């Protein structure tokens with residue numbers, strides 16, 4: 001990957017991006033790291049990093065903590081959904097999971113996550129994400145996880161992505177609410193695989209270590225209609241990329257999904273590890289990282305930094 | 001308004017649009033007119049019309065029942081919000097009403113329409129729409145209504161828009177659930193004006209007669225960042241136009257808002273009169289009309305026709 | 001009414017009752033007067049009174065502030081239900097209102113007060129109480145209220161009971177949540193009369209001034225199977241008295257109904273004016289008063305004093 | 001146990017009871033057996049049996065299928081609660097579980113079963129019953145179950161009570177909703193033991209085979225303030241017996257708890273095996289059995305038969 005050639009059509013240079021990081025870094029002290037597992041609580045909260053990848057020029061622009069590894073957490077719901085669609089076809093996935101908008105909290109009462117027609121509301125509420133992961137094909141949980149890890153390495157263009165074992169052990173150990181959700185699916189005949197095997201894959205997918213560069217690359221495939229910008233090869237269908245960007249818009253940031261769309265205005269997906277993915281269709285893939293979260297579980301400084309970048313580069317899709 | 005010059009950059013001509021209308025007209029028999037008031041129930045269900053207005057060429061393309069008058073109903077929530085923002089400033093409106101995503105039904109339990117912080121979830125759930133209307137300035141309900149009617153005439157570029165008195169009488173007479181919502185707002189100190197006055201304006205705004213041409217013109221102002229394409233004069237702020245398109249995307253079609261975004265992919269707003277507004281940013285304003293509704297209250301044939309047009313013209317904002 | 005002849009079968013004398021009042025008076029400082037209307041907020045909080053009426057001996061025993069007048073508030077739901085039953089017959093009333101148990105808050109979301117079958121859950125949630133009041137017969141709201149007032153005077157054996165005009169004006173002025181409930185009933189075709197007329201009666205019935213003596217007499221009619229103990233004449237049917245005692249047990253104290261039954265163990269009904277009615281079947285009618293409320297809206301010292309009396313006199317119906 | 005001496009103070013003889021069984025047997029065809037497990041679905045639906053045990057005379061009166069074995073199901077929540085109280089003391093149990101009234105369905109959304117203060121609403125909603133079972137002391141799940149079985153044998157005065165292995169296997173296999181509830185408790189730090197061990201005991205307690213005679217004996221201990229009428233020895237504390245009768249009254253029949261109290265009027269507890277326990281304080285223990293259930297999950301003919309018996313013997317505690 002070549003570094004940014006500042007003479008090109010970019011309207012933002014390295015220095016400007018660094019200034020936006022500095023401007024928003026003070027917000028780190030206004031949020032709190034996720035504290036439900038020690039491995040997340042102990043991360044240095046005073047970090048803010050961002051990477052933009054331009055799908056036309058193949059330039060990458062980063063500032064702040066862009067190479068620090070962090071737990072991908074709920075951002076993994078995006079590649080899991082993409083792989084489930086590749087494995088089963090879009091219409092088969094949509095037979096299991098709806099794509100309805102939500103303004104629900106990340107710990108919303110489970111029954112609100114289920115529609116009247118006994119489908120999870122969408123793939124980004126927890127109960128829908130567990131269902132999604134169960135649709136990934138494989139002969140065993142290990143096989144499913146291995147296939148998903150390979151897919152994530154490919155969509156992030158980074159073969160070194162690996163499991164954070166400490167996070168995984170904590171997720172598995174403290175994951176009883178997710179177990180409750182999975183057994184609720186099972187008890188309602190919405191889960192065809194065994195609960196513990198599905199959860200093993202789910203907890204592992206949430207525990208992968210990534211960087212803002214990884215997230216920006218993944219986002220750039222979505223921005224580029226499913227084609228990897230770096231080698232011009234199609235990874236996922238255009239239809240799938242379009243649908244996922246839509247679901248990110250109506251349900252990507254928990255109970256701030258609508259507010260994020262109204263005030264930032266690009267498809268986004270957050271994780272409680274402090275990561276935030278933004279997609280600017282046909283232009284940029286964006287990865288952001290800052291551990292302290294607001295009360296809804298979204299990166300506090302990260303959302304603000306992304307908003308500034310979107311404004312500066314005129315990326316709002318509703319404008 | 002000049003008619004379409006088919007030699008220009010359009011990729012769809014009159015005949016193609018008419019064929020899409022014919023193709024989708026059969027869906028009229030699969031839905032049901034709104035039946036809570038007689039005036040809506042008795043409308044001829046076998047109607048499907050559409051108008052596209054190209055903001056760059058100022059061409060208008062229509063097919064089917066594009067000049068039939070129908071009750072605007074919930075589509076009026078859009079101009080009411082725009083005027084409330086013009087009257088009070090965006091930030092003051094957002095102090096009263098959130099912009100959170102919803103997949104709620106048009107008759108959802110009222111308490112779900114209220115956030116934990118005692119604000120309506122967004123301006124398009126009924127309780128938020130009543131609050132929005134209350135923010136329109138005026139010395140009396142008559143004055144508020146008169147100002148809103150003038151605004152709607154201007155944004156629809158049609159001075160002949162007027163009240164359907166039969167619809168209004170029915171709405172006012174059968175509007176006890178809306179009265180319940182309004183008194184709930186009042187009882188929670190969220191409504192500064194008198195309930196009956198606010199409801200009078202609200203019932204009137206829902207009872208205006210419009211055509212798909214009117215709706216397409218209104219949509220074109222949103223598509224054109226707040227500037228009326230036909231005279232190049234700004235009517236609303238760009239910021240306001242952008243925000244409203246975002247809220248349409250996350251909450252414009254009741255409990256099908258997310259599905260509509262996932263499967264159609266442009267900002268939309270529906271009404272139980274069978275109308276449907278679509279906005280293609282920087283390209284088209286679109287108005288659709290077909291009275292029979294699906295179970296969520298959205299025009300059944302209308303949504304399908306709009307989806308075909310969006311696909312044909314490659315308008316999906318997430319693509 | 002003769003005063004207690006202490007030589008009789010009573011197992012509690014005046015002094016013992018006074019000691020229980022003294023013991024529990026300190027709880028007055030742990031609660032808070034209802035504050036939604038000024039007339040309730042300004043009542044002297046340091047009051048605790050009680051009256052027991054023995055239906056066999058016709059003795060009355062009082063201690064503390066037993067002759068202080070206070071607003072009857074939700075205790076009025078009991079005589080309103082009794083009169084509605086006398087007017088329509090029990091089965092007709094039960095065609096309109098269920099008798100299901102609730103542990104709901106006094107300001108619970110209204111939709112939870114409505115059963116799946118479109119009936120209010122029971123006559124003591126607000127929406128059920130408004131429905132109940134609407135069933136009282138009369139040619140006008142004035143007539144309905146006049147009939148209810150007469151009935152309350154008779155069941156309380158006190159012709160001087162009258163409206164607290166200040167409370168009534170406040171209730172009517174601040175009653176928008178109740179208006180919301182009433183219009184919700186109306187909009188769901190569950191209310192046959194005009195909303196404002198029903199609410200006028202409802203607000204008035206809540207605003208009557210009573211004493212613990214009044215409440216004890218009303219309770220004694222329920223305890224005595226519908227026959228007024230003081231003149232041995234039947235006022236209400238035995239069936240009606242039995243049903244009402246049951247509903248008091250499963251739904252009489254808002255979201256503390258079950259806790260009250262588990263820890264006090266007699267049918268009870270509370271009001272936010274600080275009143276509390278207890279019925280010991282075939283033995284006593286009991287009235288209690290102390291303005292400061294717990295978080296559920298029940299008289300804090302009053303519940304404790306009643307529990308002590310029930311324990312001392314072995315009145316728990318589940319024992 | 002001596003059979004009824006009809007010359008004594010009973011006001012009902014064998015023949016009268018048999019007539020009431022005959023009268024109500026036709027209701028068997030109006031309900032449906034529980035069908036979530038085959039072992040319950042295949043039970044002969046055309047059965048109706050009843051046993052009354054008089055705690056003063058020690059007479060037992062039975063009619064219909066009173067010696068047919070059926071699955072105890074949710075009636076086991078009563079002895080489990082009693083043993084948990086004996087093991088931990090009443091106040092310690094009440095630190096874990098509330099005693100609030102419910103009109104909730106047996107498959108209500110789990111979050112409604114949890115109070116705002118993170119306690120199960122009461123011991124008879126499923127989530128509260130699982131919590132209750134977890135409080136039974138023992139060195140292992142086997143030990144807990146063994147202790148509970150011994151307790152049930154003693155309170156039912158029948159050493160032959162044993163597990164229905166087919167029911168147990170089905171309950172364990174299809175118990176994913178209960179697993180979901182248990183993991184929800186665990187994830188909210190409300191369950192100190194391992195989920196699967198607690199569920200093993202819970203599924204076993206639900207799968208015991210009992211008769212109406214067994215249920216009547218258990219009920220008679222509650223009716224007799226905790227003393228076994230047949231040997232005059234105390235088994236449980238009076239305080240515990242009183243509390244349990246209260247909770248049965250406000251929450252014993254799922255979302256018909258209030259209706260049952262209003263129309264039958266004694267503490268009751270039902271099970272989806274068709275069993276129904278009634279307690280007439282200081283008079284009778286009553287067991288009823290008829291497999292077909294109403295929509296709320298209560299024995300349809302059983303409730304009607306019990307109502308007739310209560311009416312005939314004047315047992316309504318609210319009268």
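Any Cβ shown, glycine's included, is placed from N, Cα and C.
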Co-listed substrate-binding residue [TrEMBL; alongside C:74, C:171, C:178, C:202, C:254, C:272] among C:24, C:122, C:126:
C:126
Within 10 angstroms of the C-beta of residue C:202 (substrate binding site), the count of other C-beta atoms across all shown chains comes to 30
Tell me the Cβ neighbour count for residue C:171 (substrate binding site), meaning other Cβ atoms within 10 Å of its Cβ, over all protein chains shown.
24
Rounded to a whole number, what is the top Cα to Cα distance in Å among the residues the record ties to substrate, namely C:74, C:126, C:171, C:178, C:202, C:254, C:272?
19
Just how many other Cβ atoms lie inside 10 Å of the Cβ on residue C:178 (substrate binding site)?
23
